[in-house]
Amino acid sequence: MEIPRQTEMVELVPNGKHLEGLLPVGMPTADTQRAEDAQHCGEGKGFLQQSSSKEPHFTDFEGKTSFGMSVFNLSNAIMGSGILGLAYAMANTGIILFLFLLTAVALLSSYSIHLLLKSSGIVGIRAYEQLGYRAFGTPGKLAAALAITLQNIGAMSSYLYIIKSELPLVIQTFLNLEKPTPVWYMDGNYLVILVSVIIILPLALMRQLGYLGYSSGFSLSCMVFFLIAVIYKKFQVPCPLAHNLVNATGNFSHMVVVEEKSQLQSEPDTAEAFCTPSYFTLNSQTAYTIPIMAFAFVCHPEVLPIYTELKDPSKRKMQHISNLSIAVMYVMYFLAALFGYLTFYDGVESELLHTYSKVDPFDVLILCVRVAVLIAVTLTVPIVLFPVRRAIQQMLFQNQEFSWLRHVLIATGLLTCINLLVIFAPNILGIFGIIGATSAPCLIFIFPAIFYFRIMPTEKEPVRSTPKILALCFAAVGFLLMTMSLSFIITDWVSGTSQHGGNH
């Protein structure tokens, strides 16, 4: 028996990285919508207040977003904190293998968007979770919502980890301290809690976060600024640095530095070998490469809302927007990884920006980049938290009236859990690895393929047709990558051989 189509309203809200959690609100009739508005006056309205009393339906919504702005919005959705870990990924794969893997993930991401657009065109649904509902009923919707929620939690965790990692260095620079001191305002754990309570939580408790949508452009600008700084610093930082020759755990004692300076003077061949790039590398940390790349390319839940906002929409036009956005991010990712790697080689840490503190803690350019990135991620966290809270409302409290107590408790509980994760996580690599190995393969590979297989009518494409066979193979690749990545990461943890950069 065919599941009846649902009429959906989708709200497009550009923000720093993630629109993933935008959850559609069912709108079967105008009367029921007015009743729901009375009940859910807080969460139900979304980020931006509507100027019109009539909410848009996907069937009658007239998009007004141009081609260029849609490319900007989708590029903004792709871009995120994942760019900070790509140089570390290149250090553990080599330039050639990294380029191959980055190209493969980009092409596969484009193909999965193609599957999503074809599926949405068949059933007239432009919301990721509702495609899951159309394909597998409530379990499909819940699975998609869970994956999107995990992805958003991973994004918030990575943002808070950047605050934990970078804010002490900014304070150290402003106080003109050569070395960090054991005081509370230099402790990243205290600082991330302080920022969460004083700045993030009050913003997350607001009913409307529309004005924070402007952080969208600011966040993307910060990452472009970061890329320019990385390229510039490649030609300013000499190689070799004594700091670079220690292991990536960040243990830079004075004695080690002196010994290594002596070693460099007596053994120039060692220095030359260190400053020679690797083109193909396999080690225990290579297992993190694909998850980091997958984390960096997740934008699929945003594709359909952006499609809804597009002026004169068509699948072909939206596919061109997706291809162009992925291509732009592909170039930015490769340049950031390449120049970051060629600056520090094997000394690069899992959070690239933190590595520059080993060169010159008082560098003005890097300080400006740090401050800009800190402001961007701090403003982005409450925006990313909003759809996660809404997902919880939709799944657990769908038919209940808005409650301030529940509103506050959900936000506080989420921030508490994420803070605990950030405090006890040894480095950002673990966050990139786990989220990139679980929710990212589901959103990029598995769900688009199986949704397409289920939704596409057999009259148009039989079960054994080439497109459906390719879709199943695509899903199988996703399962394989997820299983392999998780296996390698867990093995790395259990064996205790992990030497992640960026411990603080």
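One-based numbering along the chain as shown.
For all residues, glycine too, the Cβ spot is worked out from N, Cα and C.
Per Swiss-Prot, the features are as follows:
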type	residues	note
DISULFID	CYS239-CYS275	disulfide bond
CARBOHYD	ASN73	N-linked glycosylation site
CARBOHYD	ASN247	N-linked glycosylation site
CARBOHYD	ASN251	N-linked glycosylation site
CARBOHYD	ASN323	N-linked glycosylation site
MOD_RES	SER52	phosphoserine
SITE	ASN76	site 'Modulates L-glutamine-induced conductances and Na(+) binding'
TRANSMEM	82-102	transmembrane segment
TRANSMEM	105-125	transmembrane segment
TRANSMEM	143-163	transmembrane segment
TRANSMEM	186-206	transmembrane segment
TRANSMEM	212-232	transmembrane segment
TRANSMEM	287-307	transmembrane segment
TRANSMEM	324-344	transmembrane segment
TRANSMEM	366-386	transmembrane segment
TRANSMEM	408-428	transmembrane segment
TRANSMEM	431-451	transmembrane segment
TRANSMEM	469-489	transmembrane segment
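Remote same-chain partners of the transmembrane segment (431-451), defined as residues 6 or more beyond its termini with a Cβ less than 8 Å from a stretch Cβ, comprise 20, 82, 85, 105, 108-109, 112-113, 115-116, 119, 128, 131-132, 134-135, 140, 143-144, 147-148, 150-151, 153-155, 157-158, 161, 287-288, 290-295, 297-298, 300-301, 350, 421-422, 425, 471-472, 474-475, 477-479, 481-482, 485-486, 489. Minimal Cβ crowding within 10 Å, among the glycosylation sites ASN73, ASN323, is found at ASN323.
Between the transmembrane segment (366-386) and the listed ranges 105-125, 143-163, 186-206, 408-428, 469-489, the one holding the most Cβ pairs under 8 Å is 143-163. For CYS239 (disulfide bond), the spatially nearest entry among the recorded positions ASN73, ASN76, ASN323 is ASN76, judged by CA separation. Spacing of CYS275 (disulfide bond) relative to ASN76 (site 'Modulates L-glutamine-induced conductances and Na(+) binding') is 34 Å (Cα to Cα, whole number). Of the two recorded stretches, the transmembrane segment (143-163) does not lie close to the transmembrane segment (469-489), with fewer than three CB pairs under 8 Å once pairs fewer than 6 apart in sequence are set aside.
In the three-state DSSP scheme, CYS239 (disulfide bond) is classed as coil. By the Cβ criterion (under 8 Å, sequence separation of 6 or more), the transmembrane segment (469-489) is not in contact with the transmembrane segment (186-206), since fewer than 3 such pairs are found. Distance between Cα atoms for ASN323 (N-linked glycosylation site) and ASN76 (site 'Modulates L-glutamine-induced conductances and Na(+) binding'): 14 Å, as a whole number.
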